[in-house]
Structures are given as structure tokens and as C-alpha cells.
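Copied from TrEMBL, the annotated features are:
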- C117, H160, H164: Fe cation binding site (BINDING)
- E161: active site (ACT_SITE)
Amino acid sequence: MRKVNSSFITMKDIVREGDPILRKKTKPVQFPLSDEDFKRAESLLIFLKNSQDKRMAEKYDLREGVGLAANQIGWDKQVFAVYFTDEQDKQFAYIFCNPKITSHSSAMVYLEEGEGCLSVDRVVKGYVPRYERVTIHAFTPEGIPFTLKLKGYAAVVIQHELDHLNGVMFYDHINKKDPSRLPEVEFIRPL
Ligand code: SB9
Ligand code: NI
């Protein structure tokens, strides 16, 4: 059995590309979560906060991240956390359990600077097309259902994390022949 860090996550706990767990579809959690799984879920969000806190990031040598999925710490469950501020200065700090996208726009967006991943120790250039708007349904670690409508940067981050839970990496969406080529859809714009 793989050892899963359940309290304080550092870079050594983060699974890197090549590990098969990043290519697996993760399993739903059952409620109520065990105390151990509840702590693990919270540790994902705590890592993100620490990674964006200059003092903590320097002390523990953390790479900054806005999202982290359970399988990125070797935990085979449908859980991820996000922590960031969007284009409108709105703060997002959430833990999603058993998340599902229930609807999405046809319009797409992409980050001009591309995407990165804490499990990928190299720069991968290219545009990652994402839906501009998504509605996501999930449960809190306490088992309380919630629905969020997200757009723009928030929608991009959530799709990156949800992909992890399905064994998909951001570069799977980059055009193989020409990384700056965009899909042929009616509406697609940079963020
Ligand atoms: C950017 N970063 C993330 C998602 C989308 C765009 C710039 C999260 C990076 C951390 N990570 O690997 C989470 O899975
Ligand atoms: Ni990632």
C-alpha cells in the first residue's frame, strides 16, 4: 500500500508524471468520510494556502499552486481543492468531493501563458482549450451538496482538477502537431 500523507503536504508527497495513479480514474468517496480521509481532504487546501504564503513556501520549499487533486498525493479518491482569486478579485477556497460538471458552455477559453501542473516538472508550451463556463455539483467533506457556476479563470482551474480525477493531464488537450493551434469551435478566446 502506498503511503498517503494525511496532514502536512510538501513537494515530496506530490506524485510526478509517470506514476500510473495520475492516469487512473479515481474512486468516489463514501460519506461520512473517515477521520483520516477528512484530514486528507483538508490537507489539500492547506497545502495550497501554504504554497501561496511566502514564508511557508520558502521554509518548506513549496511550488505555488492554485489547485490540488487527491491522486496527486497518491490518494485514489474523487477529491480536490482549489485556492485562488479570480479576475474579479473574488476569492475561491473550496474542497470538492465527488464533483461532476452538470453543464458547460460551448464557448471556450484558454490561458495565454498555458497551464502548469505540480506533478509536471517541466514547462509544456501550448494552448489548453477549456469551456468558458461550467456548472459543477459536488459535496463538502461533511457530505453537504453544493453547486457552483464558474466562468473564466475559475472554470479553467476546476477543469484542470476534474481532469486529474479522470486520469487526464493538461497537455492531453494541446494540439500535438502545433501547440498554438486552437480547436475549430465557433467561440474561443484567450483569458
Ligand atoms: C494553472 N494552474 C493550475 C490549473 C490551471 C491553470 C496555471 C493548477 C496547477 C496545480 N496543479 O497541478 C493542480 O492540479
Ligand atoms: Ni495539475
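Yeah, the Cβs are placed from backbone N, Cα and C, and that goes for glycine too.
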Inter-residue C-alpha distance, C117 (Fe cation binding site) and E161 (active site) (nearest angstrom): 10
Chain-mates of C117, H160, H164 with C-beta within 8 Å of site centroid, Fe cation: G67, A69, Q72, E115, L118, S119, E161, D163, M169, F170
Secondary structure of C117 (Fe cation binding site) (DSSP, helix/strand/coil): coil
